[in-house]
Each structure stands twice: as C-alpha cells, then as structure tokens.
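A.B. asks: Sharing a structure below in structure tokens format, with a few things to ask.
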Amino acid sequence: MAAQGFLLIASFLLILLVLAKPLGSGLARLIAAVPLPGVAGIERILWRTLGITDHEMNWRQYLLALLTLNLLGLGILFCLLFWQEWLPLNPQRLPGLSGDLALNTAVSFVTNTNWQAYSGESTLSYFSQMAGLTVQNFLSAATGIAVVFALIRAFTRQNVHTLGNAWQDLVRITLWILFPVALIIALFFIQQGVPQNLSAYQPITTLEGAKQLLPMGPVASQEAIKMLGTNGGGFFNANSSHPFENPTALTNLAQMLAIFLIPAALCFAFGEAAGDRCQGRALLWAMSFIFVVCVAVVMWAEVQGNPHLLAAGADSSVNMEGKETRFGVLASSLFAVVTTAASCGAVNAMHDSFTALGGMVPMWLMQIGEVVFGGVGSGLYGMLLFVLLAVFIAGLMIGRTPEYLGKKIDVREMKMTALAILVTPMLVLLGSALAMMTDAGRSAMLNPGPHGFSEVLYAVSSAANNNGSAFAGLSANSPFWNCLLAFCMFVGRFGVIIPVMAIAGSLVSKKVQPASQGTLATHGALFIGLLIGTVLLVGALTFIPALALGPVAEHFSLP
C-alpha cells in the first residue's frame, strides 16, 4: 500500500509539472501584457468593440474595476436564481430559490467558493447552471488570476503607479487561458462518458424492477471549468463522487490535475516575470513539500481504518466508508488533499466519513489560507503574503530592513500583510463561536461531541477561505447558516483582495535595490525552510486550540 501511495503521488506531481511549465510561459506573456502569438489582431477588434482602452490603472482603479464586475455579477446571479421558474431551459419546472439560499449561492459562486446548501439536480434548472453558475466559474477564476497579475507586476515594475488594465487582463485570461483549456477538458470528459445535453430527466427501470429518474444536463462543460478554475461546485449533489461527473479513474486523475494546473503554472510564470526562475521554483518547492506531507498523513490515517467500523465487523481493514470503490482509499485521500490545498472544494468522497486525523488535514489546509498551490491566483498571492512575512521575520533576526526581489518592505506593506493574513482566521474562529453559541447554529449539527464541533468548524473554515467543501453532516440550508456563511465567503474573498491590491500599489512605485552581501537569498533551501516554518507557525498558533476541541479530541476518544 505504501509503494502504491508513493507511485500515485510521484506520478501525479510529475504529470502536473510537465503540463504546468508551458502554461506558465503563456501566463508570463500575459503578465507582461504581451499578446499571445496570433491573437494581437483579434484583441484590437475586441478592444474597439468593447470600448476598452490601453490606459493602465493604478491600484485603486484596478480594484474598483474588479469589485464592480463582481458586484454586478452577484446581483445578476441572485436574480437568475430567485426567478428561476420564469426563465427558459427548465424542463423539470423547478421553482426559484428562497431569498436566503439564492443570496448564499450567488455569493458562493461569485467569490469562487461554490459552497452548496442545495442539491443541484433537484434545485437548479439548466439555465441557472449554464448562464448563472458556469459564467461565474469563469469570472471568479479570472478575478483571482487578475489580482495576482497585478501583484506580480508590482514586484517587476519600478517607479510607476500603474498595474495594468483590469479589463484587458480579464478578457485575456478568460479567452486565451480559461476557455481553451476548459474546452479541451470538457471534450475529454464527454469522451469518458460525462453527459452534455439539454434533455429532460430520463425515467428508467433498474435490473431489480425499480423505477428511477436519471438526471441529465450540460454537465461536462460545467465540470471542466469547475475544476480548472478551482471552483468546485458540482452539477449534482454528490459532486465528483457521482458517476455522471467523474465516471472513471482517468477522469479522476484529470480532475486533480486540472485543479492544480493553473496554480502550479503561476509559480513558473512568477519566476519568468521576475527575471529569476529560481524565485518561482522556490515557492513551488515549498508548496510541494507541505502537499506531499499532508497527502502522506491522510493516506496513512485512512489506511489504518476506522476503529468503530472494525469493532462492528467491517469487511475491510481500511476506511472505505464514504468512498467510491472505483477510486479506493489512496485516490480518494489524494483528491481530498488536492481539493482543500487548492480552494476548489470538489469532492470524490465524503470528508465527513474520514477518520479524525484524515479529516483534520483537509480542514487545516483550508485554515492556513489555502496557500499550498491554492486557488487560481488566490493561492499564489496568499503565499506571497507569507513570503513578505517570512522576509520580515528574517529581517528582524539579522537587523536589516526586509527586502523581496529588491523592493524594501516597509511598515505599510507589513500592516496590509498582517491584515490580509488575519482576516480569514478571525472569520473562522468568531463564526464558529457564534454558531456554537446559538440554537440556530447548533440545531444544524447531525452529530454530538467533538465530531459535531468539527462539522461546524469545517463549514466556517470552508466558507471563509473560499473552498466550498463540507462535512456533509451539517444541515446548512437554513436562514442562519445561509446568511452567516454568505458573510464569511464575501469578507473572506474581498477582505483579502483589498489589502493585496494596496500592497501592490505601494510596491510598484518603489525602486528596485541592487542586491548586496547582506541581502537574504529568497530562492535557496534556507529560505524555503523559513517560508514553510512561517506557514506552519501561523497555522499552529491560530488554530491548534480549535482543532484540539474537534478532530484531536475525537481521535483520542477512539477505542
């Protein structure tokens, strides 16, 4: 089993790096505002048609453009969901969503969280899935990538005040990166058996003679961008454990690769844009180290089995509860770590049925800000926040003003860094406390004791960090939970983006200082270790008390 796990992890990372490197080169061209080969003429026509100028924006203008797009998308999506019954492509005549559920779902997909307090096949029409959710899957992913583009330019430019044109960045990211790659993935999914149609649900008679209604729909197209954009919201309630979303071992591998593809490629793009590829590789190695350790822990925990099931006479010595037999323990464990290391939230197994330690690792990966590869764009700008914190700590130890890529890190940058890093922990801890203090919050818990608290902590961690996965034992479709999690999702997304853009605006105007003998090298093993230590330290200090009340207490209560 150990050899199989090692081969699975190694082959996954090898294929990922092979695919990510050329994509990183294309992303680096977009960061430099250089059109990809053969599209310059098309872009000129697009700019004229859409009324987009070549005028570059400062950080406030860039941020305002992103906020305007997302708030407009939020309003439109809410209306689509609320008045769904009056809109076309609704063969099952599904009614509109309640106000609190429509708000929760709209915020969820606009913020790239894709938390789902509903069952897709019994709640949403094809029009809502296509014109509402799928569109936001593209736009929310493009928003995250645009933010990290602006931050990277802040490090690579000097003595200017502009970070690029947000509208041009969004169009280029969507048309030349997200759409073509998603199209290729969707065609592969269709070939593997994922449905792509607008047919009404199909009644069938099973081999046992029972009547059943098979859901249909444009699944493959939404599934592709769901994974590529680290969105995670499933067309069906069972998400990627459903055979219509994830039918084979090949689609399972493709989905995991799609989740990490752009986050890994952005590391290569960062190195190329900075003029020092070692800088991007250092971040990639730090992410990969934490990722491999986390996968190993989850695999080990799930292979040990569940003592309660073993005592009840379970056939398998490994923990197969909540897992698909076509994937098994190892692939399910890898998928769980991939989807929570990134801000994806798609699942091919029920995380609520993992062992105490096996479920704690995905929860912790979300709580540290999903900086281990992370979401498209958000993972890299989240890790760069920890880089700034790491060089600040190193500067304190050696008595020098901290620098990164030749830019001095001053008080303003550190204040914004601290604010961005502290936003989500405050939401998680205060939100979990509020839920546990109120009857409306506690009534949603399926299980008592430590596992019930873990369900609450996981849900708020998932929402605040824009992941979207859940310990499904929590009945979260209530006005209290819909409003609480919508607030956490919105503030967790834009409460980080705003200080990140402020950091970019401050750094872009600074001059690049030449390296000296006292400059800390930020691409060697020493700095990689310091960066990993910083991530672990912040995660440990912030969440160990809460984790001790949930998964840790549950683990030590096992027979």
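Every residue, even glycine, has its Cβ placed from backbone N, Cα and C.
Note that the coordinates shown come from a computational prediction; the quantities given were computed from them, not determined experimentally.
What Swiss-Prot lists as transmembrane segment is 5-25, 27-47, 63-83, 170-190, 253-273, 283-303, 327-347, 356-376, 379-399, 416-436, 484-504, 524-544 (among others), and the listing cites sequence analysis.
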A.B. asks: Given the cut-off of 8 Å on Cβ pairs that are 6 or more apart in sequence, determine whether the transmembrane segment (484-504) and the transmembrane segment (63-83) share at least 3 such pairs.
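C.D. replies: The answer is yes, given that the two segments have at least 3 Cβ pairs within the 8 Å cut-off.
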A.B. asks: So which of 27-47, 253-273, 379-399, 416-436 is most in touch with the transmembrane segment (524-544), counting Cβ pairs under 8 Å?
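C.D. replies: When the Cβ pairs under 8 Å are tallied, 379-399 comes out ahead.
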A.B. asks: Could you give the residue numbers and ranges of same-chain residues that sit at least 6 residues beyond the transmembrane segment (170-190) on either side and whose C-beta is under 8 angstroms from one of its C-beta atoms?
C.D. replies: 23, 26-27, 30, 35-36, 39, 43, 46, 50, 52, 69, 138-139, 141-143, 145-146, 149, 196, 219-221, 223-225, 227-229, 251, 254, 258, 261-262
